Each structure stands twice: as structure tokens, then as C-alpha cells.
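Listed in Swiss-Prot:
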type     : residues : note
REGION   : 1-59     : region 'Interaction with LGB'
REGION   : 1-76     : region 'LCN1-binding'
TOPO_DOM : 1-21     : topological domain 'Extracellular'
TOPO_DOM : 43-66    : topological domain 'Cytoplasmic'
TOPO_DOM : 88-114   : topological domain 'Extracellular'
TOPO_DOM : 136-154  : topological domain 'Cytoplasmic'
TOPO_DOM : 176-196  : topological domain 'Extracellular'
TOPO_DOM : 218-305  : topological domain 'Cytoplasmic'
TOPO_DOM : 327-350  : topological domain 'Extracellular'
TOPO_DOM : 372-388  : topological domain 'Cytoplasmic'
TOPO_DOM : 410-431  : topological domain 'Extracellular'
TOPO_DOM : 453-489  : topological domain 'Cytoplasmic'
TRANSMEM : 22-42    : transmembrane segment
TRANSMEM : 67-87    : transmembrane segment
TRANSMEM : 115-135  : transmembrane segment
TRANSMEM : 155-175  : transmembrane segment
TRANSMEM : 197-217  : transmembrane segment
TRANSMEM : 306-326  : transmembrane segment
TRANSMEM : 351-371  : transmembrane segment
TRANSMEM : 389-409  : transmembrane segment
TRANSMEM : 432-452  : transmembrane segment
Amino acid sequence: MEAADYEVLSVREQLFHDRVRECIISILLFATLYILCHIFLTRFKKPAEFTTVDDEDATVNKIALELCTFTLAVALGAVLLLPFSIISNEVLLSLPRNYYIQWLNGSLIHGLWNLVFLFSNLSLVFLMPFAYFFTESEGFAGSRKGVLGRVYETVVMLILLTLLVLGMVWVASAIVDNDKASRESLYDFWEYYLPYLYSCISFLGVLLLLVCTPLGLARMFSVTGKLLVKPRLLEDLEEQLNCSAFEEAALTRRICNPTSCWLPLDMELLHRQVLALQAQRVLLEKRRKASAWQRNLGYPLAMLCLLVLTGLSVLIVAVHILELLIDEAAMPRGMQDAALGQASFSKLGSFGAIIQVVLIFYLMVSSVVGFYSSPLFGSLRPRWHDTSMTQIIGNCVCLLVLSSALPVFSRTLGLTRFDLLGDFGRFNWLGNFYIVFLYNAAFAGLTTLCLVKTFTAAVRAELIRAFGLDRLPLPVSGFPRASRKKQHQ
């Protein structure tokens, strides 16, 4: 063989080795996410649904749980996609010729974006509908009972649903862009209609993030207050613990000896009062065991961090609104080649990239908190070892819709300069200036409104509790005469 043939062969071998390495890394990453999601879901599932007398129902629920685990792993991968890309770019900038990070390149990042897009489509369009129909199916009338009969019914229902959704997508695409849609045929399902369907789902997810994130940003203060020990300047914990113990003992005596009182007792009300006192005593014990810095510094520092992150998010969005009016390059767009390691995606360098990653995770957590805090989706909130299979499927679908829209959401708000890779940048509505501008303005306005309304009331209430003014019998200052008249009467 000549030297040129050896060079061609070595290039082909290198490409083959790179491809195998990318596949191994992708499999290891997804396997790790899958194991974590499986452990997470097993903590919320109902054990009774998997240990029933009917082995058929238990088998169906196990199969549906594995499909939900796959979907939740894809959702977690979509959340980590943009932060992982930003961090990879900064690592390649800092260590451009390091031998041990040669595996971290643009081809790997681009492949991960394509895999997340593919698995998101697969989960939303096929796997989750299959899991729902599979758990609700009983087999066709007259057919043999068993898992196989349920599979046949589920496949038929899934085919009918696919035809219905495909027809709706074709009609919608023809209405929106009739010239282009008229040239497409059913043979272009994978290249045109499926990305168009995912574009609609992503737009729905972005709108859902627009509603849930401001609500979640306002709720994060109260949620953090429940998790941390709040400072109380004027309180005696020992006195409160003794009072709570005495009240609990008195109620317990009433429950154990109902005949000692000549009035009829509401046992259900007494049990609720005992449970409330026990919960209050647990909180007081937690406050007593907390250290001084936890009681006095932990909660204020956490509130300060939340306020800084929220204010920084609103400030970045406000600056991005001005950039949209001045520079066309601020519009979100996609790129086909991941040019990593050439320039930082933040003007502040690595520090700015870290801030971008922190803000992306913070907004995602806030959107999940706002999603479960909303009255419309509050019934989907998972409960520890008490979540039905239908609720698990609904939670996985909603979390996948939110997480798959996170890269588009972050780029639309200008939280990062990292352009969307692969099919994520093919969404038609991303190029519409009015949609992007109104979205940024609505996010900034809603977030500011929720914070001003919630934070001021929360600060006022916490200051009153911190100084112990809520336990003082203060008279109503606005109506002194009216109160005196009522006392005389």
C-alpha cells in the first residue's frame, strides 16, 4: 500500500475510534441518568400497584414504570444539555491541548443535542401514550386475557392516535405555511412533520415556562423559608416547647378518657389538633437543635441569594430587550456546527459562564416549583410512596415538556449566547421578532410583578414574626371607638 492509502486508512480509523468513543460516552451518561431516575421513581410509586394479586397488572405497571424512567432520564438530560455545553466550552478554552480531555469536542456535544431531540420526540409521541394506553387497556372483547392482548389493543390505539395527530399537524402546517406544506408529502414525516409537531410542543413548553417561572420565583422564598430555620429575635423556645407538650398531653387525656367530660367531644377534631401540635413540636425541636449561625445567618443569606439571582435574571432579560431593539444578532438562532473552544459565550469569561449555568438551573427549579404550585397542576404533585401510575405518567410528560423547552427558553431570554444546536434551532417561531420581544417583555413584567407583590408581603410578615409582634394582643388602631362600643354592648 502507498503512503496516501495509509493516510486515508488512518483517517478512517480515527473517525471510527471517535465515533465509538462518543457512543460509549453517550451510553454511560444515559445509563447514569436512567439509574438515578429509576431510584427516584421507586420512592414515589405506590407499592400496592406492583405487588397485587393479579400478576398481569403488576407486569403492566412495571413496563410502564420503565418507560416513565426512560422519559424522565431524557428530561434530566435535556436540563443538563445547555449547562454541559457551556461548561465544556470553558474547559476547552482553559485546556485547549490537554490529552485527557480530547474526548470533549464539538462532535460529542452535537451528538448529545441530537440524541436528546430524538428521544424527546420518541417519548412524547410514542412511549408516553403507549404507557398510558397500556395501563388503561384490558384487551379486546373476545380475545385471550393477558399482557399480549393488552399490547395488541395499545398498539391499535396508538396507531389511531398517530393518524389523528398527523392529520392535525398536516392541517395546522397547511394553514400556517400553505406554500411549503403543499410541497410536503407523507413521506417527509420524519424530516418535516415530526419536527413541526415537536416545534408546537416546544412552543407550548416555552409558554408554560413563561407562566410557571415567575410564579415559582415568587414561591421560592416561601419554600426556602419552610426548609430553613427562621430567625426569631424575641422568643423563648423552652417555654413554647413546654406549652406545646402540655397542650398535647391535655388533648391526649381527653381522647383516652372521653367520659371524663360531660360535653360531647369531636374525636376527629381532637386527633387533628394533636397532629398539628406534634408537627409544631417537631419544628420547635428542629429550631432548638439548630446552631446559632443556622438560626441567625442561614435564612437571611438564603433569602439574599434568592433575591440576587432573581434580580440578576430580570436585569439580564431587560438588557436583552434593549439588545433586541438595537442588534439583530441578539435573536435566537440555531447552528449546525458546534464550534467549541474558540471563544467564550460570556463577556465575563469563565465567571460569566458559571453565572449562566447557575441561573439556568435556578430558573428550571423555579419553574418546577411554580408548576406544582399552580392550582391547575397542583393535583399532579407526587406524594411519597402514594403516587399512582397515571400520575407518574402525567408528571413525566409535563417535566419532559418543561425540560425540553429549557434550552430554547434560556436562549430566547438571552441568559446565554450559546446558540441552539441541531433541530432545536429549526423552530420557525424563533425567527419572529415580535414573538421573541413580547416574550422577553412579558417575562420581565410578570417576574417583577410577582416579586413586588409577594416579597413585600413576605418581608413584612417575617419581620413581624421575627420580633414576636404576632403574639402580642395588639388592638385595632384604626377603629378605637367602634371597639369600645362593642365592649360596652
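Every residue gets a Cβ built from N, Cα and C, even glycine.
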- Message: Tell me whether the transmembrane segment (432-452) sits in contact with the transmembrane segment (67-87), defined here as at least 3 Cβ pairs under 8 Å among residues 6 or more apart in sequence.
- Response: no
- Top stretch by Cβ pairs under 8 Å to the transmembrane segment (115-135) (candidates 155-175, 197-217, 389-409) is 389-409
- Message: With a cut-off of 8 Å between Cβ atoms, can you find at least three pairs linking the transmembrane segment (197-217) to the transmembrane segment (67-87)? Only pairs 6 or more residues apart in sequence count.
- Response: no
